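Heads up: the structure comes next, in structure tokens.
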Amino acid sequence: MPDHDSTALLSRQTKRRRVDIGVKRTVGTASAFFAKARATFFSAMNPQGSEQDVEYSVVQHADGEKSNVLRKLLKRANSYEDAMMPFPGATIISQLLKNNMNKNGGTEPSFQASGLSSTGSEVHQEDICSNSSRDSPPECLSPFGRPTMSQFDMDRLCDEHLRAKRARVENIIRGMSHSPSVALRGNENEREMAPQSVSPRESYRENKRKQKLPQQQQQSFQQLVSARKEQKREERRQLKQQLEDMQKQLRQLQEKFYQIYDSTDSENDEDGNLSEDSMRSEILDARAQDSVGRSDNEMCELDPGQFIDRARALIREQEMAENKPKREGNNKERDHGPNSLQPEGKHLAETLKQELNTAMSQVVDTVVKVFSAKPSRQVPQVFPPLQIPQARFAVNGENHNFHTANQRLQCFGDVIIPNPLDTFGNVQMASSTDQTEALPLVVRKNSSDQSASGPAAGGHHQPLHQSPLSATTGFTTSTFRHPFPLPLMAYPFQSPLGAPSGSFSGKDRASPESLDLTRDTTSLRTKMSSHHLSHHPCSPAHPPSTAEGLSLSLIKSECGDLQDMSEISPYSGSAMQEGLSPNHLKKAKLMFFYTRYPSSNMLKTYFSDVKFNRCITSQLIKWFSNFREFYYIQMEKYARQAINDGVTSTEELSITRDCELYRALNMHYNKANDFEVPERFLEVAQITLREFFNAIIAGKDVDPSWKKAIYKVICKLDSEVPEIFKSPNCLQELLHE
């Protein structure tokens with residue numbers, strides 16, 4: 001019963017203290033706090049010190065002061081616990097021992113000054129209670145009038161909790177001693193001497209929050225990270241060492257390879273059997289031998305340009321084989337030692353020479369057999385062919401006069417761009433319209449028009465020079481394909497719009513009208529011809545034809561429209577042409593007097609003698625665009641000139657056949673002045689001049705697109721083009737009228 005009363009009294013006092021210092025109340029807090037206080041107090045002192053302290057307190061205050069001593073002990077225990085909160089587990093014992101020494105030395109007021117146990121008001125109340133307890137202790141300690149706890153009961157109660165608390169404290173200290181906090185241990189003295197600025201509640205929460213983060217795990221994580229870094233450094237070092245070793249091995253291999261290559265190269269220079277040209281020739285020879293074994297049907301399917309390429313390579317190899325004995329003789333005379341040519345090399349040279357001669361003859365025979373299977377009638381040549389470089393090839397064994405470097409450069413276009421379909425002697429083109437293996441770009445005219453070109457056959461001329469290849473195999477060369485595009489004005493006016501070439505006088509051919517082609521036309525033809533020569537090295541060549549037909553066929557090939565070629569012929573007066581001529585340009589200029597904005601369908605209708613494609617259509621449209629550009633430039637020029645002259649009204653502006661503007665336009669579109677300009681064109685020109693005048697007067701020329709409004713007005717003023725312009729011979733009819 002006394003034990004129960006003492007426990008209840010201590011529990012109530014503890015609750016009061018917790019309320020005073022602001023600690024939140026929880027269930028079972030009083031008993032747990034009391035047990036913790038007693039265990040902490042007695043664990044800090046050895047048994048001897050504990051008994052001496054208790055005896056000293058009992059002797060000093062006597063039996064009447066037991067409650068006061070117990071209160072002070074509890075107060076000190078509470079202060080011990082509050083003071084130990086901020087410190088780690090490894091320093092709890094040292095702190096308790098230090099507090100015990102301070103107590104024995106009479107430094108008890110330090111606990112009150114620390115502010116850890118209670119506030120000033122609480123200490124004052126306890127002093128009053130302690131003073132009154134000397135007179136009537138039961139009234140102060142036990143409000144219910146119950147007796148106090150005896151010394152024996154207190155010792156027994158403390159001994160019960162001492163062992164359990166001591167074991168727990170030792171276990172905590174043992175677990176936390178593995179990772180001591182150096183920073184907190186260095187600041188112990190500062191925390192003891194200086195008053196704490198935080199409350200015990202905040203200190204307690206901070207301590208619990210720190211305990212939730214085990215330092216042992218942090219240290220192990222740091223150790224793991226450092227171990228991984230060290231492992232990566234080691235791996236990097238090993239990889240670097242392996243790379244250096246591999247580089248050393250690579251350098252050694254390169255040195256060995258260079259030594260072997262140098263020795264092999266020196267042997268090749270001495271023997272002359274493994275040069276680069278010979279290796280290439282062996283590959284070409286193997287391909288040629290494979291092609292010889294094929295059947296005639298397989299040969300017909302191949303591109304004839306391949307045979308010529310192989311033949312040219314074989315000829316070059318034959319030249320090398322012929323020069324080998326000379327080099328061998330020079331080597332023997334120079335060395336007379338073990339570096340001379342071996343018997344195997346001689347045998348290889350002889351065998352190679354024989355195989356080359358055999359392969360060359362077989363290739364030539366195969367080409368002749370394939371392209372002479374269908375005899376045809378040769379088309380008569382109207383324009384004399386150009387000259388051919390001498391001695392293109394030499395096949396027979398007796399003639400070994402090969403090209404020098406300068407001769408090869410002179411016939412660059414003919415060698416690089418071979419003519420695989422040169423006509424053979426006594427071999428003529430097929431008279432039917434059936435397509436052969438290689439479709440020519442310019443096909444002969446229909447049989448119904450043979451009589452029209454009969455008189456022109458007398459103008460056919462044989463080539464001035466004949467190559468050894470032609471003399472050996474019976475070839476007759478056709479028109480030489482020049483490696484560069486022919487000038488546009490180099491060919492005569494063989495179009496159906498003009499007269500025959502024989503009727504053109506020197507004056508007509510050299511007149512400014514005949515040379516009046518725009519820069520777009522010339523550049524277009526030049527670009528097409530160059531593109532054709534660079535992208536079609538093995539394309540079929542033309543039969544004997546005029547230079548005009550050659551140039552036009554190049555444009556046709558560039559445009560990519562190679563269908564229905566049987567309808568195209570530059571020799572017929574009624575057949576379609578492949579390109580535009582100067583007469584077409586003159587016709588377009590005359591049509592500009594009637595229409596300024598022709599459509600593509602109109603162009604196809606009035607240029608019915610031209611085989612239309614994408615290039616032809618765009619060129620005609622470009623012509624009319626240039627016509628309009630010149631037309632509008634002149635109109636703006638004379639409109640500004642009229643404004644400068646003081647003209648203020650459009651009524652003063654008029655165009656007659658005597659005015660300067662009309663003469664400028666007529667000189668550009670009708671240079672020969674052999675065509676009568678229609679009156680409608682004068683009206684349109686006058687309207688255009690006035691539109692420019694009004695726009696400039698109104699200040700609209702500030703806008704960059706101010707001419708668009710004028711263009712919309714002029715495009716509606718086009719008139720019908722006369723039907724005579726649909727005729728291919730419209731220029732002759734118009735000029736004769």
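Keep in mind that glycine also has a Cβ here, set from the backbone N, Cα and C atoms.
The stretch that Swiss-Prot tags with region 'Interaction with RORG', taken from the ranges 1-28, 253-280, 505-532, is 1-28. Screening Lys324, Lys374 against Swiss-Prot annotations picks out Lys324 (annotated as SUMO2 cross-link). According to Swiss-Prot, the listed position annotated as phosphoserine out of Ser177, Ser553, Ser566, Ser572 is Ser177. Within the set Ser551, Ser557, Ser618, Ser719, Swiss-Prot records phosphoserine at Ser557.
The candidates are Ser150, Ser295, Ser470; Swiss-Prot tags Ser295 with the feature phosphoserine. Screening Ser142, Ser199, Ser467 against Swiss-Prot annotations picks out Ser199 (annotated as phosphoserine). Confidence across the region 'Homeo-Prospero' (577-735), taken as the mean pLDDT and rounded to a whole number, stands at 92. Here the domain 'Prospero-type homeo' (577-635) is broken down by DSSP into helix, strand and coil counts: 39 helix, 2 strand, 18 coil.
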